[in-house]
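> Quick paste from TrEMBL:
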DOMAIN    57-380  domain 'PDEase'
BINDING   HIS133, ASN134, ALA135, VAL136, HIS137, ASP174, ASP283, GLN334  AMP binding site
ACT_SITE  HIS133  active site, proton donor
BINDING   HIS137, HIS173, ASP174, ASP283  Zn(2+) 1 binding site
BINDING   ASP174  Zn(2+) 2 binding site
REGION    377-407  region 'Disordered'
COMPBIAS  383-400  compositional bias 'Polar residues'
Amino acid sequence: ERRGSYPFIDFRLLNNTTLSGEIGTKKKVKRLLSFQRYFHASRLLRGIVPQASLYLLDEDYLGQARHMLSKVGMWDFDIFLFDRLTNGNSLVTLLCHLFNVHGLIHHFQLDMVTLHRFLVMVQEDYHSQNPYHNAVHAADVTQAMHCYLREPKLANFLTPSDIMLGLLAAAAHDVDHPGVNQPFLIKTKHHLASLYQNVSVLENHHWRSTIGMLRESRLLAHLPKEVTQDIEQQLGSLILATDINRQNEFLIRLKSHLDNQDLRLEDAQDRHFMLQIALKCADICNPCRLWDLSKQWSERVCEEFYRQGDLEQKFELEVSPLCNQQKDTIPSIQIGFMTYIVEPLFERWAQFTGDTPLSENMLNHLRRNKAKWRSLLHKQHSSTRSNDHSGQVTGSQEQTSNKEETP
């Protein structure tokens, strides 16, 4: 069963029948909700009845959204615009479309209503108040994953099961993210850190939450038990691979495969490894997007870092690296991230794909974006030096003036 990332809930809300109206009794709430939704900060527990996910949009908006979906394989896909056009339902709309495009609904004999219900559960278990780790990020990663799954070197060997696993893992890889990182959970003795013994805490939670939703929705209940168990384990392997602390582990293994030219994508294990690499690329592909999109994501992730830093200061904890707004600027954070994390991975990915147009496009964006952040960092330093010099001159003038006034 799913466990929420926020352990606190005011249980007095459960007895507030005047607000719940159509929800009715506490017993009915328990029937409707999973463990997480019942015991943690659910909208239902706050007396808000969720509306059916009908898109209250005019035909013009729907037409634009449909037009965007026809170009969902393009790297310049604007997920922010798509989210607005779908009234905040970008993840559900995108996944329904991709499942259809890839023939997964027919192949796995999925019920569309059940699929939609599962995807709504996933989308709603992302926290919209997070500047970065929200459902729009999940939709963005899913769209990137779709692009990578179409790369000829990989696409020629993928099975329907591989494709479904890749898309599901991308959609749910950060589900129920609390907006703080693993070190914060550990030093605040959060129950998730204890549960997963301080190892891949968030990733384990994302995986287990996803399994809870799959079982609760009964999306795969018609498949043989051994098939669903295998899907659950492979989903875990994919989601756990997104742990940034395991970056070098995967990079070294990928480099070894490429140098030895021993990847055999006919082999399920090698295909799964490359799905892990594809998901890792999709998860951190923001610096490889067009500047306008990349900049928005950079500002969002830094805003989330700074919020964590503010929390740490509030509770008199040591401020985590990259979370001090006074010292850690957005340009410096992004340049470091691109240099040590993004570039090494995407250069190896390009080596694997064989320098396809997509890989070259991503690396070109990466280099241009890094140059722009360097330019912005230089301007910040110049401005800081200018202000310091101005302050020194003003101070000297004041001292001289004070001396002249001294009798």
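Each Cβ is built from the backbone N, Cα and C atoms, and glycine gets one as well.
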> Counting only residues 6+ away in sequence within the same chain, which have a CB under 8 Å from the CB of HIS137 (AMP binding site)?
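Set apart from HIS137 (AMP binding site) by at least 6 residues yet with Cβ under 8 Å, we have TYR126, ASP174, TRP297.
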> Check the Cα-Cα distances from HIS173 (Zn(2+) 1 binding site) to the binding-site residues ASN134, VAL136, ASP283, GLN334 and tell me which is shortest.
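Result for HIS173 (Zn(2+) 1 binding site): the nearest of the binding-site residues is ASP283.
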> Can you work out the mean pLDDT of the predicted model over the domain 'PDEase' (57-380)?
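Result for the domain 'PDEase' (57-380): average pLDDT 97.
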> If you count other C-beta atoms within 10 angstroms, which of the binding-site residues HIS133, HIS173 is the most crowded?
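The most densely surrounded of these binding-site residues is HIS173.
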> Where among the binding-site residues ASP174, ASP283 do you find the Cβ with the fewest other Cβ atoms within 10 Å?
ASP283
> So among the binding-site residues ASN134, GLN334, who's got the most Cβ atoms within 10 Å?
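It comes out as GLN334.
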> Within 8 Å of the centroid of the Cβ atoms of HIS137, HIS173, ASP174, ASP283, which other residues of that chain place their own Cβ, given that this set defines the recorded Zn(2+) 1 site?
HIS133, ALA138, VAL141, ALA170, HIS177, THR242
